[in-house]
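Peer 1: Take a look at the following structure, please.
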């Protein structure tokens, strides 16, 4: 099984997920939520904006990033009152000591909405792939599948090859290029949405094919053991070893292991997976070189080269090696604007929507982060690394001068934003790292960033990238510390969707925020793609 991100033959789904996740700052839970009218009102009136700022925050505004508003009269701005509305009682309440505010009522979501979000394209792919393979195994067992009888090894390796392809950087970049340049100028919105969903959820094919390959391998070993009298002992031994290694590699990728013991997952899924690939080669060569009918070894090269199994093994090896050929140790500049975040700066400009995997060592402990860049000709790119574990904490406590990374970058679902005419990129916390490049490089994308004390937490570099490249009318920066809490994110998305004329929404948040926004968007009929936690 897989991951997304980023954060997989070494290409781990966890890495893919890490890159796409934002964080809600802990301070949100401790800050009182100021009383507000039942639902936000959007106004483009300058006086209303001033009234809002004076009502909510008496402190003078030093930067729009602190107040989380778009300082422009030409676009919708979230305000707490319109010019003609009576003064809100909230202005009087602000002067009085506030008790603990009542808990926000939980949004009621229908079971049908929840099922649609749960049974997404990832799970549909997984179900289809596994079901078809199980049917094939059943037919082979009853003697109704002649191809499986003659090419059982090819079915094993074909599934494993497809699993590797679905997590290969080069192959996925190829799929994105074909989709973007082939569809963006003419395709209807429903087709673009369908293709984007496929690109985001190819991990379902990865997981399904990996599990199916292991099932076919187990079936092959059982078949060999049943006819062990005809087989050479070396073929049986390498088959059993290969089976054990592949199964361990797959089991280590289960979500519980991947999410709670990332280093265990990485070591077993990658290193044991490589060992499994090596023993697969031995198993294939020995199995094809031994003639069952004659009970002797065939030493001619033609009989080996002409087999399907050999070429499946060749392509598996090539696609596993390709990303590692681009591995480099590169210099890095580390900026630490706050104890919660490290900003890493690298040479070389990048396209939007890409992810970078970095590590302090050449082989182990790779973590994926969204890339921020002003374009391919900008000369540099940045990673925002929020402190969430030992690796990211070490970036703050002991900043490196060099890190290991692959020059061939991984495409996240945000890369598909180039397929759409207009869209919204909403993120929370460190999710700005995966979202910002899309809005910097494409003037038809609207940025909504929800976070705590953004300018202080993320520093002047990120603030400069935002304000130098995104017009005020294309962004809403919601500071939860200054605002006293989070906005109604679903209502915010609805209003921006209609005013901006968006076709699609890409969400980068933690699970709670992602679920809330995805549920609300589906109910409202807004096309949205959220962070993926594959199973």
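In case you wondered, yes, glycine gets a Cβ from its N, Cα and C as well.
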Peer 1: Taking 292-309, 310-327, 328-345 as the choices, which stretch does TrEMBL tie to transmembrane segment?
Peer 2: 310-327
Peer 1: Write down the single range among 103-122, 203-222, 363-382, 383-402 that appears in TrEMBL as transmembrane segment.
Peer 2: 203-222
Peer 1: Go through 148-166, 203-222, 310-327 and flag the stretch with the largest number of C-beta pairs under 8 Å relative to the transmembrane segment (234-256).
Peer 2: 203-222
Peer 1: What parts of the chain pack near the transmembrane segment (148-166), using Cβ distances under 8 Å and only residues at least 6 beyond its ends?
Peer 2: 9, 133, 136-137, 139-140, 172, 202-203, 205-207, 209-210, 212-213, 216-217, 219-220, 223, 246, 280, 283-284, 287-288, 308-309, 312-313, 315-316, 319-320
